[in-house]
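Trainee: Please find one structure pasted underneath; my questions will follow.
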């Protein structure tokens, strides 16, 4: 009843192939964007905006990136953290390099810096994607760990990447775009949100294009895809490139916008794992799923951690943390049993139901 | 998947989202809010538990015995972050505005310290990083809100070297000696390398660097190399699971334990007890003395444990526990100074910054605080957030840690210029102006 | 000439200690192999199971004050119970799902076990002493860690035992049948449920043994679960489905990473062990994508 698409006729191919062909979807997205762009910065507190929403959005962006590689192109990767690190450190090098050249005024525009950092990450991603032509499945997942550990090590070891800072920790320069400095949590949040929305839309369109169809063909069966004319080399490597670009941008945002300082450990193996979890829990092959998964993996533990003190249950922070772990684990299993295809699938099913509700037949 | 389930799920999600934005309630009486980021779980919990217990017990004692600081009750609240930097930042943001605003933070984690350096500057909250964090943070004009106090890693490195040269009969005797630096290969472990290189050039000893891959569970290759190099001394910059493995491995290559010196994060009961007999004779730096005989510890035993409270009796008197207690007494002293200066009981974090810059731990204050002989005297200023501290070398005898040195002062002629240099670089990269003092 | 002898002795020492360390990795890897072989599940929880088993062992010892053998038996019971729970509440509900979903489910188990283990037994470091020898033996200038010798022997014994179990017993044959083809095995009357419980129990047992070895070395603490990361290159190199592969892979990785760290490390700044193990395994994979002893992957369109 609420979700009827009857009467919405498409009279051109363009309309038929729109990203959101159904009116209700368009309204829903518009409302969501309004809330995200106006509602949250206006009404939510600094804690919610700065410590919850901003990191969530950045990790969701990385999850979108990994979802392109794992969900659409079928290549499991555990090198996400490393590609984020490449993005973060490239952005830092680009930013400080331009400071060194022409003083603080002549810096490379911030947005360009971040995008270029993504490009560098893409190149590195392609390099480490080459073994995927031979290695498949979990073997590939473990092989990408080689990238993870190697890049982490390289960034710690080579002083040039950190401008010879004694401890290998970089402090990001201030966020200035066209002379305007993004300072408060809300401003930083909006900065991140803009990036994330634009890039998520780009990803959504990309996976609907012929490139995306190539990825999916490779995922479903690479030999068959090869036979019908997709080149595995190019298809897989573009997936690695695009995915790493997203991860690189996410890494740069994490360093510049969220933490303001970055050490390679911030992009360690745990980061790679948690982003893979987001993709699987959220739903492989779904951009929406990346967001839902990121929410599940980042917000749920924080929420669980907040509950016992909130309801006045005084059991000590260590016990809370243990409970958080246990409940989180149980919920992962619970959701997998309820819907193995990810939380995004629940949304799809929900839509189906709403379409006919309250008269199922 | 029925509709009912779906609706239930949606309602559940809404309920889940609700408390994330809940604000803190206001309050009437004079209170001092001291949040503490702790890690009682996770891979570094063995070190996190005693540091958390020390703080928790100290403030419980103050509230119990004195009813707070000058009548202002202390609200001590823990936030668990499991040594995970993201969660540490989240904890900081979660707690900073509670109960009228957090007064000071003490994360006991290098990663979180780095991440909070900028945030505390914006929020104007002091960050007490006694014995860890950025070595250059002692420059008060560049890091007005960070208080490393006592000494930093560079000062510690020079002090350990001074101790070694005393053992060998003077700096000149070090010329043909070899020192092996075994460090955990992350930001924290690497912090001491530049100053060791400078010293090696200046004093002519041979420096060999041996990184240990994080988290340092498997160190065979490192110790095979150490054995081949036959160093005269080994200095270790370790933390967590790495320490006791290293102590065991050193015993495995039959290196004399008394020539093996850890830094002050590699010298606690948690490192030596699991290593068993291998640890007997092992030395480490420390700026606080272990033991239960100090008045402040006795007071805790009496007022907290005596009443059946307390966070963990087995930790009382341990190195890390006492370190945490000492840290709290410094905060206590800072609060007292600020209360006196500004004439209010419930001070703000900005006032506490002034207080921390004006604490004077001399013999009189130490006696008042009950920490006589437990920690060297310091007197930080606005420019100098270290305050000219010193530290000791202690040795493990199989049961407890014993001091084996007089207080050692760092070679400030080497350390201070190096600090100033990187602090200036930090200001330049951040595009910040140095803070003014006075 | 003398220099050469010393250098050669040192080389031998590095090689030997690398091989021994490798067997310690193999112990962890074995648990992965068992479960992957019988159920196709990439068990991320193996590290957590190892930690949980070791924690329980020490916990029982402390709490009940019993001899370690009693604690060992109690822990075995706990691990069997755990296996039963995993089958009953997790895997049993996820029959016929894709491997990655099962993998994710084991991650849920990991989180649960990490929290549960610490709830029961605390997060503090606990010394584990069941009378295994410590310290090193001196063989003419070559130091050999006694504990590692014991670990090596144990690993060898375990592999032998498992090989006999798989090849000679009825259950073992059933396990292999399941590994080959779930459907066919079920159709000849093998209970998939029981097989899974058995396999997870055996993996739990292997985890316990690995936990004892590593726990004696490091003390029982949360970091033990991170050792799973050291086992992954071993697994990859040996093949996910081969028990001897886990041992051979362990030997190659152990010796390889130590030799690289000592002879290559100093030129590039050291601490290369971690990534070198993975790189080494990856190079092997480029030539044999299913690992040294893994089953050949046959693809049909």
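Quick reminder: no glycine exception, Cβ is built from N, Cα and C everywhere.
Feature table excerpt (TrEMBL):
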TRANSMEM  A:27-44  transmembrane segment
TRANSMEM  A:50-69  transmembrane segment
TRANSMEM  A:81-104  transmembrane segment
TRANSMEM  A:110-130  transmembrane segment
TRANSMEM  A:137-156  transmembrane segment
TRANSMEM  A:189-207  transmembrane segment
TRANSMEM  A:237-257  transmembrane segment
TRANSMEM  A:277-303  transmembrane segment
TRANSMEM  A:315-338  transmembrane segment
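For each feature listed, report its degree of burial, its nearest neighbours and the pertinent distances within the displayed model.
Mentor: With a threshold of 8 Å between CB atoms, the same-chain residues lying at least 6 positions outside the transmembrane segment (A:189-207) that come near it are 19, 33, 36-37, 40-41, 49-50, 53-54, 57-58, 60-61, 64-65, 68, 72, 114, 175, 177, 182, 215-216, 242, 246, 249, 253, 257-258, 287, 291.
Outside the transmembrane segment (A:237-257), and at least 6 residues removed from its termini, the chain residues within Cβ reach (under 8 Å) are 54-55, 58-59, 61-62, 64-66, 68-69, 72-73, 75, 77, 80, 83-92, 110, 113-115, 117-126, 128-130, 132, 170, 172-173, 175, 182, 188, 191-192, 195, 199, 203, 206, 211, 214-215, 218, 266-267.
Residues 52, 55-56, 59-60, 63-64, 66-67, 70-72, 200, 203-204, 207, 216, 219, 324, 328, 331-332, 335-336, 341-345, 347 of the same chain lie 6 or more positions beyond the ends of the transmembrane segment (A:277-303) yet place their CB under 8 Å from a CB of it.
Non-local neighbours of the transmembrane segment (A:315-338) in the same chain are 277, 281, 296, 300-301, 304-305, 308-309, 346; each lies 6+ residues outside the stretch with a CB under 8 Å from one of its CB atoms.
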Trainee: Take the transmembrane segment (A:50-69) and find every residue of the same chain, 6 or more past its ends, with a Cβ under 8 Å from one of its Cβ atoms.
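Mentor: Same-chain residues near the transmembrane segment (A:50-69) but 6 or more away: 40, 44, 75, 77, 80, 83-84, 185-186, 188-189, 192-193, 195-196, 199-200, 203, 206-207, 215, 239-240, 242-247, 249-251, 253-254, 257-258, 274-276, 278-279, 282, 284-287, 289-291, 293-295, 297-299, 302.
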Trainee: Near the transmembrane segment (A:137-156), which residues from the same chain, at least 6 beyond its ends, have a CB less than 8 A from one of its CBs?
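Mentor: For the transmembrane segment (A:137-156), the nonlocal Cβ contacts are 75-79, 81-83, 85-86, 89, 124, 128, 131, 162, 168, 264-265, 267-269, 272.
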